[in-house]
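Below: one structure, written as structure tokens.
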Amino acid sequence: MTTTAPTQEKLGPLMLAALGVVYGDIGTSPLYAFKEAFAEGHGLTPTPENVIAALSAFLWSIALIISVKYVWIVLRFDNKGEGGVLALQALAQRHARRTMPQWIRPITLIGVFAAALFYGDAILTPAISVLSAVEGISVATPQFEHWILPITLGILLSLFLMQKQGTAKVGQIFGPITVVWFGTLACLGLISILQTPEVLKALSPWFALKFTVQHPIAAFLLLSAVFLAMTGGEALYADMGHFGAKPIRYAWYGLVWPALTLNYLGQGALVIRDSSAALNPFYLLSPDMLMIPLVILATMATVIASQATISGAYSLTFQAIRLGYLPRIRIEHTSDTSAGQIYIASVNWLLLIGVVLLVIAFQSSSNLAAAYGIAVSGTMVITTILVIIVAQARTNQRLRQPIIVIMSICGGFEIMFLASNLMKIGHGGWLPLLIGVIIFTILTTWKKGSELVYEQRRKMNRPIRKFISQDYPNVQKVKGTAIYLNSNPNLVPSGLFYNLKHYKALHSTLIFLHVVNEEVPYVPDAERLTVVGLSPEVYTIGARFGFREQPDLTQALKSIDNYQLAIDFPQTTFFITRSVVVSCGDAMAKWRCNLYAWMVKQSESSGTYFNLPADQVVEIGTQIKL
């Protein structure tokens, strides 16, 4: 499977699609971000001076972190067209191996931790987005306020239940709805600005700087509210592989950024006119007769934002499996034409349980806002660090220093955002951190355990060339081909020794097949297989797959005829080995060893995961002591 860069003819449709997927999260931030600046805990009263200062901080933070850092700089750093923190981590590791090998482990750990933090965000985003939209009911008709939670839970439940059906058809209408949404944001904001044009003073950074100097503590606390306006920033980079950098840039500069700017200015203008509007400035921008349609449109927009986050969780899980950080689990492809549309039941139900519990526990978007932001701000800091590392190798001399300087400035601001968000730990901010730590533990435990198992097999199994050089006079040759899946291309798999020991038999043709997980998203079909003949009867085959590809060995082996190997596949037997951890030694802490053993039991069979014909697979169990 290969990818192609978006062509000029495709640019319009790609921009439309990117609006629905990439900008759903940041596009729904006006529902809750600005009102949090005047919520309890930030110490701001909605005076005209404070409103202008807060707006200035909002607008210039978006300009620096989103427009400059992400849209202009970070989108340059793709991994063969793919974005996201794991793709960026792979680039940084590749650079570190050549120039600073001592940094490989720290780079790996911070990249994995950033990926782990995303799951905390994936639970919070649907909860806060949909809840903040439905809360508009209480503004339109206060007597229906007690219906907010049931309606929110009903929408979220429906959203997660529809995942198994795929989102291809629903996705076709996401873009147009999002265009209407951003158009509505712009119109509501512009009408309010025209009534109070003095709000345009907030376009100057001077008012944010002045407020910071005069009220440093209040400014520091305000940063956690300002950051809520940027929580969708990582999605711009993570979804680059689906749309390309150009459509994402054009959509941002042409529609999204102007619409967000107008809406935030409009909310500020409203609060200047009426300080009581700070309780919910977004919905109070709307005329009364349009309130219910606006609630419906906002709910649709937040469902789209939630869908993008859920799909992102699937994609990240898939990449983590391919890069060896999670065990094999069942993955269903929901589209015949788009390889990126997948469904992972276990992830779906875990997210649903987490989202429902959050809505029930926190009750309102304001309460959830206290927990929101820590995970994303941590991920943003890590992205900045990784980009600075990669920039030293990937950019030309003319751009290298400016990019590193700008990213360092952005990193300084992001550290302040993170520090401000950490002040919310006692108010729910501990939750995404706890989720991140749990996921990080799972990812690193699986990676460490798999490396220990690999090392044990390496010590136990014989080199293939030594095996070939020996004679086996008491072994019967069986007509046909045996393909042994092998984790190490240089060693004889334990399944073959099992056949020798118990059945005293070998097939007339032996193929040792190993899967190579590349640090690129896709591998061209022409470069998929590497075939090496060790003798007239023994071959090794390496099958290369990128971290965005589902490894289908049955499909990959169809090109074997190009290598002049005459194999009768219907008569071929595939031998796979499954490890069972029977005891724990000193290599890992006992609790981590037990966790790894449990994950091994939950992992999907190699035969199913690699799409091998079930009636031709023989699975052999081996016992492992860690």
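Glycine too: its Cβ is placed from the backbone N, Cα and C atoms.
TrEMBL labels come from automatic prediction, so no person has curated them.
Feature annotation from TrEMBL assigns transmembrane segment to 12-32 (among others).
According to TrEMBL, the domain 'K+ potassium transporter integral membrane' annotation covers 14-469.
According to TrEMBL, the feature transmembrane segment maps to 52-72 (among others).
Positions annotated as transmembrane segment by TrEMBL: 103-124 (among others). Residues 85-86, 88-89, 92-93, 96-97, 231, 234, 309-310, 312-313, 316, 320, 325, 351, 354-355, 358, 368, 371-372, 374-376, 378-379, 382-383, 385-386, 389, 431-440, 443-444, 447 of the same chain lie 6 or more positions beyond the ends of the transmembrane segment (103-124) yet place their CB under 8 Å from a CB of it.
Among the features that TrEMBL reports, transmembrane segment is placed at 144-161 (among others). Within its own chain, the transmembrane segment (144-161) has Cβ neighbours under 8 Å at 126-127, 130-131, 134-135, 137-138, 299, 303, 306-307, 310, 348-349, 351-352, 355-356, 359-360, 363, counting only residues six or more beyond its boundaries.
Long-range Cβ contacts of the transmembrane segment (173-197) within its own chain (Cβ-Cβ under 8 Å, at least 6 residues beyond either end) map to 16-21, 23-24, 27, 30, 255-256, 258-267, 269-270, 272-273, 285-286, 294, 297-298, 300-301, 304, 307. The feature transmembrane segment is assigned by TrEMBL to 173-197 (among others).
According to TrEMBL, the feature transmembrane segment maps to 217-238 (among others). Within the same chain, residues 21-27, 29-30, 32-34, 36-37, 39, 41-44, 54, 57-58, 61-62, 65-66, 69-71, 74-75, 83-85, 88, 118, 121, 125, 208, 211, 248, 252, 260, 264, 305, 308-309, 312, 315-316, 369, 372-373, 376-377, 379-380, 383, 416-417, 419-421, 423-424 sit at least 6 positions outside the transmembrane segment (217-238) and bring their C-beta atoms closer than 8 Å to a C-beta of that stretch.
For the transmembrane segment (250-272), same-chain residues at least 6 beyond its ends with a Cβ under 8 Å from one of its own Cβ atoms are 11, 15, 18-19, 22-23, 26-27, 29-30, 34-35, 38, 46, 48, 51-52, 54-55, 58-59, 62, 66-67, 71, 179, 182-183, 185-186, 188-193, 195-196, 198-200, 202-203, 229, 236, 278, 281-282, 284-285. The transmembrane segment annotation in TrEMBL covers 250-272 (among others).
What TrEMBL records for 292-321 (among others) is transmembrane segment.
Among the features that TrEMBL reports, transmembrane segment is placed at 342-363 (among others).
Remote same-chain partners of the transmembrane segment (369-391), defined as residues 6 or more beyond its termini with a Cβ less than 8 Å from a stretch Cβ, comprise 32, 36, 39, 41, 65, 69, 73-74, 77, 85, 88-89, 91-92, 95-96, 103, 107, 110-111, 113-114, 117-118, 120-121, 124, 128, 224-225, 227-228, 230-231, 233-234, 237, 358, 362, 400, 403-404, 407-408, 410-411, 414-415, 417-418, 421-422, 424-425, 427-433, 435-436. Taken from TrEMBL, the feature transmembrane segment applies to 369-391 (among others).
Residues of the same chain lying 6 or more positions beyond the ends of the transmembrane segment (403-423) and with a Cβ under 8 Å from any Cβ of it are 61, 64-65, 68-69, 73, 220-224, 226-227, 373-374, 377-378, 380-381, 384-385, 387-388, 391-392, 395, 429. Annotation comment: TrEMBL describes 403-423 (among others) as transmembrane segment.
What TrEMBL lists as transmembrane segment is 429-446 (among others).
Averaged across the domain 'K+ potassium transporter C-terminal' (479-626), pLDDT for the predicted model comes to 84. Per TrEMBL, the feature domain 'K+ potassium transporter C-terminal' maps to 479-626.
Through the fold, the transmembrane segment (52-72) approaches residues 26, 33-34, 37-38, 44, 199, 201-208, 210-211, 219, 222-223, 225-227, 229-230, 233-234, 236-237, 248-249, 252-253, 257, 260-261, 264-265, 268, 272, 380, 384, 406-407, 409-410, 413-414, 417 of its own chain, all at least 6 residues removed from its boundaries and within a Cβ separation under 8 Å. Across the domain 'K+ potassium transporter C-terminal' (479-626), the DSSP tally of helix, strand and coil residues reads 47 helix, 56 strand, 45 coil.
Counting same-chain residues at least six beyond the ends of the transmembrane segment (342-363), those with a Cβ under 8 angstroms from any Cβ of the stretch are 122-124, 126-127, 131, 149, 152-153, 156-157, 160, 163-164, 166, 310, 313-315, 317-318, 329-334, 371, 428, 431, 435. Residues of the same chain lying 6 or more positions beyond the ends of the transmembrane segment (429-446) and with a Cβ under 8 Å from any Cβ of it are 109, 112-113, 115-117, 119-121, 123-124, 320, 324-327, 354, 358, 370-375, 378, 421-423, 588, 592, 595-596, 599.
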